[in-house]
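These features come from TrEMBL:
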DOMAIN    9-225  domain 'CWH43-like N-terminal'
TRANSMEM  12-34  transmembrane segment
TRANSMEM  54-73  transmembrane segment
TRANSMEM  94-113  transmembrane segment
TRANSMEM  125-143  transmembrane segment
TRANSMEM  163-183  transmembrane segment
TRANSMEM  195-221  transmembrane segment
Amino acid sequence: MLCFLRGMAFIPFLLVTWSSAAFIVSYVVAVLSGHVNPFLPYISDTGTTPPESGIFGFMINFSAFLGAATMYTRYKIVEKQNQTSYFSTPVFNLVSLVLGLVGCIGMGIVANFQELAVPVVHDGGALLAFVCGVVYTLLQSIISYKSCPQWNSLSTCRIRMAISAVSSAAVIPMIACASLISITKLEWNPKEKDYVYHVVSAICEWTVAFGFIFYFLTFIYDFQSVTLRISTEINGDV
């Protein structure tokens, strides 16, 4: 049987494949429509103008839902593991979940408030999504190390921490350079004064986004041993 069909592994697998498709499809449609320059647009640039804006909004909204489902399932897994063999305070796991869910809300804001229509709201949502997402991966990496070797292999812990470190290193120049750009636009000329800031922040943005994707990919093995059960009880006379 394929590994992503065991237990609840289909949730992070679907999150990874769907989110990757959201970025790639929106980019391809935006480029073919002539709405963005093929060289390093912001992710949001590829979802600003119709028809790609509709595709981007729908797919990112569903990604946010899948992200929340993945994070909550991961929270329950760590909670159960911690009850079996205590390795970390439960508050640490809860804080990680809350920050992750706030990041998912930020994704929803990005999907529904286009970059050029309401830039302040859009940028606020992007800030929530990226910052909370990076902190979530860092906290989960720490939890992974604390539960090693019983619940996680050392190689998995190292991979997660490496991805977290790269994402953390990229999110700072992303925010710094984006804040130095004086105008929000879709097409850039290399001769413009803010062009370098745009390129650096765009590279960092794509790095962080795909860092999240590769990070959730590491959850697939953990989710294989998880089973979802739904029970229905009817009280009273029927």
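The backbone N, Cα and C atoms fix where each Cβ goes, and this holds for glycine too.
Where the annotation comes from TrEMBL, it is an automatic prediction and has not been curated.
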Which of 54-73, 94-113, 125-143 shares the most C-beta pairs under 8 angstroms with the transmembrane segment (12-34)?
54-73
What else in the chain is close to the transmembrane segment (195-221), if you only count residues 6 or more beyond its ends and a Cβ gap under 8 Å?
3-4, 9, 12-13, 15-16, 19-20, 23, 40-43, 67, 70, 74, 130, 133-134, 137, 140, 156, 159-160, 163-164, 166-167, 170-171, 173-178, 180-181, 188-189
Could you tell me the mean pLDDT over the domain 'CWH43-like N-terminal' (9-225), as a whole number?
92
